[in-house]
Amino acid sequence: MIKMRPSKLSLVSVILSVLLFSQCVLSQLQVGFYKDTCRLVEFIVKEEVVKAIIKDRGLAAALMRMHFHDCFVRGCDASILLDSIPSSIAEKDSFANNPSLRGYEVIDNAKARLEVVCKGVVSCADIVAFAARDSIEMAGGLGYDVPAGRRDGRTSLASEIIGNLPPPTFNVDQLTQMFANKGFTQEEMVTLSGGHTLGRSHCSSFSDRLYNFSGTLKQDASLDPTYAAKLKQQCPQGSTDPNVVVPMTSTPSIADAGYYIDILANRGLFTSDHTLLTSPATANQVAENAKNPIRWMAKFAAAMVKMGQLDVLTGSEGEIRANCRVTNS
């Protein structure tokens, strides 16, 4: 694959666009929030993220996805990290997250170190946000300043996944509406899709496109035949093995525009991928992102900053958990 070497001018434009967006964040979150209370926070989180990704490159995608799944349900409050309790099933054990979502131990390790040097200061929600940014950088994407000051929520319910996280079967109108409900434009929806489809997927998430598309007992005709044949080899009909996973893009460990190139070649893994070609507006955005990966990187970084502000708890709201997996009381 040919790698583009961006000009100095393009890089300056990219950086400026992210910095300008960062300055427009909601007032309750601040870049450098911990400068007087825990100066080493971002260094410690990044060190844990780097160590983990060196051992398992797939964790970069997992930690990005964790931030997305956290923010779209109840806001960015680290509810995704809470363990289930006898009286309720938590988000992490829902069908959308178990067994596909991983990387919890990276957050645990960072939190344990931070509790030693800055006890009771850094929220789990902020650790998740920092870790997502660091993962993007490790995957070759553009880094950005993370406004911090989030507090941790006390509730996590698997039942709240439906209606908040877009399933892989959604069409473009359904996706547009769900993202609009969270305050995102259609262009931001397409932009975020390119980063949150990194990594790998279990066969059950897309088997309908291979064997029973729209109840026809046939393959989705929009899938590239060669790609479909390869998927069928990896995911035989009726396979329920949770250990079998396939790459969601041709570059599953790299934060690049490969997702859009795949879609244009009819190699989108999910219905929610291919559907972006069914609307003139989103199809144009897919083509633009494929053509200009540097601009997409800047837009993705800005969209991540915006996503990190969704329904945040600040001030005296929520708590600062001592252990990210359980509430303090």
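Heads up, the Cβ atoms here are built off N, Cα and C, so glycines get one too.
Copied over from TrEMBL, here are the features:
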type	residues	note
SIGNAL	1-27	signal peptide
DOMAIN	28-328	domain 'Plant heme peroxidase family profile'
DISULFID	Cys38-Cys118	disulfide bond
ACT_SITE	His69	active site, proton acceptor
BINDING	Asp70, Val73, Gly75, Asp77, Ser79, Glu91	Ca(2+) 1 binding site
DISULFID	Cys71-Cys76	disulfide bond
DISULFID	Cys124-Cys324	disulfide bond
BINDING	Pro166	substrate binding site
BINDING	His196	heme b binding site
DISULFID	Cys203-Cys235	disulfide bond
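Overlay of TrEMBL annotations on the structure.
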residue: Asp70; record: Ca(2+) 1 binding site; Cβ contacts under 8 Å, 6 or more apart: Cys76, Asp77, Ala78, Ser79, Ile80, Leu81, Ala125, Val128
residue: Cys71; record: disulfide bond; Cβ contacts under 8 Å, 6 or more apart: Met307, Gly308, Leu310, Asp311
residue: Val73; record: Ca(2+) 1 binding site; Cβ contacts under 8 Å, 6 or more apart: Ser79, Ile80, Glu91, Glu160, Ile161, Asn164, Leu165
residue: Gly75; record: Ca(2+) 1 binding site; Cβ contacts under 8 Å, 6 or more apart: Gly153, Leu310, Asp311, Val312, Leu313
residue: Cys118; record: disulfide bond; Cβ contacts under 8 Å, 6 or more apart: Tyr34, Thr37, Cys38, Leu40, Val41
residue: Pro166; record: substrate binding site; Cβ contacts under 8 Å, 6 or more apart: Gln174, Leu175, Met178, Phe179, Ser272
residue: Cys203; record: disulfide bond; Cβ contacts under 8 Å, 6 or more apart: Gln234, Cys235, Ser239, Asp241, Val244, Val245, Val246
residue: Cys324; record: disulfide bond; Cβ contacts under 8 Å, 6 or more apart: Ala78, Leu81, Leu82, Tyr104, Ile107, Asp108, Lys111, Cys124, Ile127, Asp152
Worksheet entry | Neighbourhood of the residue listed as 'active site, proton acceptor' by C-beta distance under 8 A, where only residues 6 or more apart in the same chain count | Ile80, Glu91, Ala96, Asn97, Leu101, Leu165
Fill in: Which of Cys38, Cys76, Cys124, Cys235, the listed disulfide-bonded residues, has fewest other Cβ atoms within 10 Å
Cys38
Discussion item. Please list, in sequence order, every residue of the chain apart from Asp70, Val73, Gly75, Asp77, Ser79, Glu91 whose Cβ lies within 8 Å of the Cβ centroid of the Ca(2+) 1 site.
Written reply: His69, Cys71, Phe72, Arg74, Cys76, Ala78, Ile80, Gly153, Ser156
Worksheet entry | Among Asp77, Ser79, which are binding-site residues, the residue with the most C-beta atoms within 10 angstroms of its C-beta | Asp77
Response to the item:
Averaging the pLDDT values of the domain 'Plant heme peroxidase family profile' (28-328) gives 92
